[in-house]
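If you check TrEMBL, you get these features:
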type	residues	note
BINDING	A:Glu184, A:Asp215, A:Gln241, A:Glu289	divalent metal cation binding site
DOMAIN	A:478-621	domain 'VOC'
BINDING	A:His481, A:His553, A:Glu629	Mg(2+) binding site
2 protein chains.
Amino acid sequence: MRRDGSAAGEWVVFQAADAFRLFTGIDPDPDAERMFAHLAEVSVSDPEEGMRKSIATVSLSGPLTGKLPAAADAGFDGVEIFEADLLSSPPAPEEIRARAADLGLNIDLFQPFRDFEAVPSDILGRNLRRAEHKFAVMERLGADLLLVCSSVSPDTIADDGLAAEQLRLLAGRAAEHGIRVAYEALAWGRHVDDYRHAWRIVELADHPALGVCLDSFHILSRGSDPAGIEEIPAEKIFFLQLADAPYLSMDVLQWSRHYRCFPGQGAFDVAGLVGHVLRAGYRGPLSLEVFNDIFRQADAGRTARDAMRSLIALEESVSTRLGPEAAGLVPPPAPVVPTGFAFAELATPDTGRLSGLLTALGFARTGGHPTKPVELWEQDQARILLNTGDPDSPTGPALSAIGLETPDPAGSVKRAESLLAPVLPRRRGPREAPLDAIAAPDGTALFFCRTARPDHPSWTDDFTEVPSDPVPSAGITHIDHVALTQPWHYFDEASLFYRSVLGLRPDESLELADPYGLLRSRAVAGPDGAVRVALNVAYVGARPGAPQIPWQHVALGSRDIVATARRLRAAGDLLLPIPVNYYDDLEARHDLGAERHRTLRELGLLYDRDDHGEFLHLYTRTTGHVFFEIVQRVGDYRGYGAVNAPVRLAAQHTGSD
Amino acid sequence: MRRDGSAAGEWVVFQAADAFRLFTGIDPDPDAERMFAHLAEVSVSDPEEGMRKSIATVSLSGPLTGKLPAAADAGFDGVEIFEADLLSSPPAPEEIRARAADLGLNIDLFQPFRDFEAVPSDILGRNLRRAEHKFAVMERLGADLLLVCSSVSPDTIADDGLAAEQLRLLAGRAAEHGIRVAYEALAWGRHVDDYRHAWRIVELADHPALGVCLDSFHILSRGSDPAGIEEIPAEKIFFLQLADAPYLSMDVLQWSRHYRCFPGQGAFDVAGLVGHVLRAGYRGPLSLEVFNDIFRQADAGRTARDAMRSLIALEESVSTRLGPEAAGLVPPPAPVVPTGFAFAELATPDTGRLSGLLTALGFARTGGHPTKPVELWEQDQARILLNTGDPDSPTGPALSAIGLETPDPAGSVKRAESLLAPVLPRRRGPREAPLDAIAAPDGTALFFCRTARPDHPSWTDDFTEVPSDPVPSAGITHIDHVALTQPWHYFDEASLFYRSVLGLRPDESLELADPYGLLRSRAVAGPDGAVRVALNVAYVGARPGAPQIPWQHVALGSRDIVATARRLRAAGDLLLPIPVNYYDDLEARHDLGAERHRTLRELGLLYDRDDHGEFLHLYTRTTGHVFFEIVQRVGDYRGYGAVNAPVRLAAQHTGSD
């Protein structure tokens, strides 16, 4: 991908196939990894000031010495030092302190200190000895706040008075070192598992160096009402840790240790909780503490930016909820939701393989770029660009860019920048009309367009009309949706990206059975369905050498899919064959009448329906890394034919097995 | 790996590094994958007849046309056709029938038919229509047993009489096609979620073509007592589906769909349940129905062999439990449990890098092979072989083989063969003493040895004594354990392999935090701890380009680790540096006295203790793909110092970050 400054004024060409291979996790390519890291760097700008933002080092992958610059680069103000990260780190605490200071990071918390309170006196002695060792480390580290989790030890006694007495003692010792203690109720604490209970003990202990730490996971996973937070005096809320999580019916400890995610990536109302904490008067940092198996493996810099994006979006949500009470919050510029697809751009070594297919699909080549090897193909409102100008072209066509219609391209970019989306160098057409783009998490370029509107220069003006024989329409009217591969370590990042940057709404996450494994799929869509993007990802890491599947596709809306299908059939062997067994089952499931069943079977059409309407669709064979889907929505069908995905996926493997 | 017939009478050399790279999932290598497939083929022999054995196609990866030969090759007698596999398969039912017949596979069951019973009459009509379509497919397929799962539909009514009436109707229709119906209680059925309830309905329906299907997952996941199975008449138990699972506190549907495993790989007492079913008089097939995210991705042939191994081991367990009642069961030959390590063999391009280290560790080069480039190094009962004879040697030393002491080498091989372990071509020494070996799941060769015993030729007789200067002992007495990388798609296979083939006992599975992700680790050990093998695996698929870790190591037992450590320190910079922060924390956790803490810190020793004793250990730096650990067990400490693994793993990354 050429993305240096020299590209301004030119069409930038993307090597989508590299990104494809990289981010599927199937074919590792260190160069592409570096490329993406660079691409992401472009985006990091200082967000405007708002709440102070912090992140626990356990949320990021790699050694402590790499986590600190990752957090700083993403714009965090501080970190929580997770003790295990320090223990396994060669630099001494003094050196970590110096590195953090050099990076402009405050050490907001040292954590966790476990199994302290409400124990018999002999154990108390050992625990205090342990604490003194930690105070010494904290002094060297320059950390003045210690997190104490409610005990899970069999030694602890259900005695709030004793817990308060011992925590008061601990706070007193801490205060001698200039350290304060934040007591937190673990959701699986032996006797103290609720934040209100922790607060009662802290209140009872009544020591100025003792307060509570609130953690959204521990509170919301238990279904506790966070409104009670407002009853805690602001000066007694020493710290606020934030994590989201999907709703999972499972052991809460395992849920917490493996499946936490950043706010907005799960199902919890984290914004609601933060609202209560701010109403209580808390003005300390918003700090992310996320234990997640996948983040542990992911690139730390990328995770840190994802984390910061989640906090910026969270600040916006809280600000909206609180309204005038939201003093101190600085929300980003409002989202500009795209209203349709302007184009889909395919990078391809040559146009030969695609021009026949596009012609069969009823597209006409209507424009050519005067200086760049880019062709414009059109049919009604559906526009495809073929770009043969990529010097490192992939082995076959791949989806490299999408044009999104937006009422305010400049506003779209401003929104994207404020949410750390990687902004790409501008394309400028002959009329010097700026065309702004950002990079999606899978490397696809998203262009903000305003096509053929009097109030804005149009990207189509870059193209010169091409004389060609008229092609009869095949009934295709628009791009219905695009389906994009997501790097599987970054699936949650992707849905947050589309939700926060573009203001699209994520659907439920689905599992689709491919013959070689389960896939996850999640669609994001605009409020009126005019923009729909299906995000797909392999469910877990693929086996080395396992069969690959073509992930990217462009779904074209047809007003008469039967006519489109007949025309495609007449043009040759272009369509993906569907097994006859599918139709036997379809007849068992739906009684559509003999003639309709015969048509579906004859044309290889797939069928689905929901409470709102019907869905007919078919697929072309794959060319390179991309294929086309033709869809017709009847009534207000809202899905994507997921029920048929296993059959489609199996058909795509057939022949390559 | 040269493994053709010509290798008989020769030392066979393994490319352990290839296997290493392949099976870590980090560095895919199609050649190595093929190699392993070949290696596994060697093992597949006809097990002696016992219970008929079947497997559901959903348990295996890939297209249906690949699942059938995989099942046949592993020795299965039949399959359950999972409907989704048929729907997405291009061959028509008749062709699948013919292929199964050609492979000697019976189609034992067609499944699942859902949401049938206890519905209002209009829905009943639709459901019967649906059933007639399926009967037609089954006739074409040559399947005469249909699985009907208890309904989960909101349409179903809690009315056993109605359920029985409608199932009787269904069975009547089925019987007209020569088909029988097996009704199964899903653990999450809307009204029927217990096998006893399903049986009451079947009893009430009282139709000869209607019986129950019992599924160990649905019964044991709910904690139901399987003893009640004995009250069901044998002729009414139409089918038995088997799956194991780890105990997980989670939604039972998700648990069932993603985490089932083969019997012996989970926590359920599947053998106990089968005992009840056999006591009830059931003589149908034992059929595996396993939904597992990882199996969906794994190589089908390999999974099928793993599956068959689990059934053979299950048959043995059931036979042991039932004693004289176990008519019709044919257990494999009894296990011969290894009693110690004979040697560890390292494949290495040259001996230079290792001979200095071995000398520093107190090993002396005592023997050389007269015709092959293999050296024997010894210290007390610890023996290391260095093999430089691999023409495609890896980039650095790697553990390629382990010698296990066994009281009966021939018996060990017989056991291994009967459990489908890949048997490797024999090594024969100059005295023509046979030396048998099998391949472990990660490709490591396991040799069955009887070292220096009068009743058996010794492998050591192959070596000629080498004159060398005496090396003073460093206190090392034996090999304490070896740690082996497992291919991460095959971790459950590995623990079943060691348990069933060698009779070792698996410990609990642990999670270890590496800076770049969580690892799973599970040790298997003989009853007296004389043989211990730690099986390690990356928890989920690694990110492309993520840092690698050296997985394989040989842990040497020392009688005086302080002396061993001093000697190693004196010999140069051979040991893995441990961060000082570790020792600060160790002092906080354990009060071992100032002098002992000073010694640990000075020598870079790691410390752990449990209820039975203490554990001191240290690590050498990594050479190629292998490193050594030195351990001293004080008292009866039973672990492996897992608490220190994160520090060790981080230290191994340091410098490579």
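Glycine too: its Cβ is placed from the backbone N, Cα and C atoms.
Unlike curated records, TrEMBL annotations are generated automatically.
Ranking the binding-site residues A:His481, A:His553, A:Glu629 by Cα distance from A:Gln241 (divalent metal cation binding site) puts A:His481 first. Taking the centroid of the Cβ atoms of A:Glu184, A:Asp215, A:Gln241, A:Glu289 as the divalent metal cation site, the other same-chain residues with Cβ within 8 Å of it are A:Leu147, A:Cys213, A:Leu214, A:Ser216, A:Phe217, A:His218, A:Phe239, A:Leu240, A:Leu242, A:Ala243, A:Ser287. Counted with DSSP, the domain 'VOC' (A:478-621) comes out as 45 helix, 54 strand, 45 coil. Here A:His553 (Mg(2+) binding site) is compared against the binding-site residues A:Glu184, A:Asp215, A:Glu289, and the shortest C-alpha distance is to A:Glu289. Annotated Mg(2+) site A:His481, A:His553, A:Glu629; additional same-chain residues within 8 Å of its Cβ mean position, judged by their own Cβ, are A:Asp480, A:Val482, A:Ala483, A:Ala534, A:Val554, A:Ala555, A:Leu556, A:Phe628, A:Val631, A:Tyr640.
With respect to A:His481 (Mg(2+) binding site), the closest of these binding-site residues in Cα terms is A:Glu289, chosen from A:Glu184, A:Asp215, A:Glu289. Among the binding-site residues A:Glu184, A:Glu289, the residue whose Cβ has the fewest other Cβ atoms within 10 Å is A:Glu184. In the three-state DSSP reading, A:Glu289 (divalent metal cation binding site) counts as coil.
The domain 'VOC' (A:478-621) scores a mean pLDDT of 90 in the predicted structure. Residue pair A:Asp215 (divalent metal cation binding site) / A:Glu629 (Mg(2+) binding site) shows a Cα separation of 45 Å.
Cα to Cα, A:Glu629 (Mg(2+) binding site) and A:Glu289 (divalent metal cation binding site) are separated by 41 Å.
Annotation note: A:Asp215 (divalent metal cation binding site) sits in a strand segment as assigned by DSSP.
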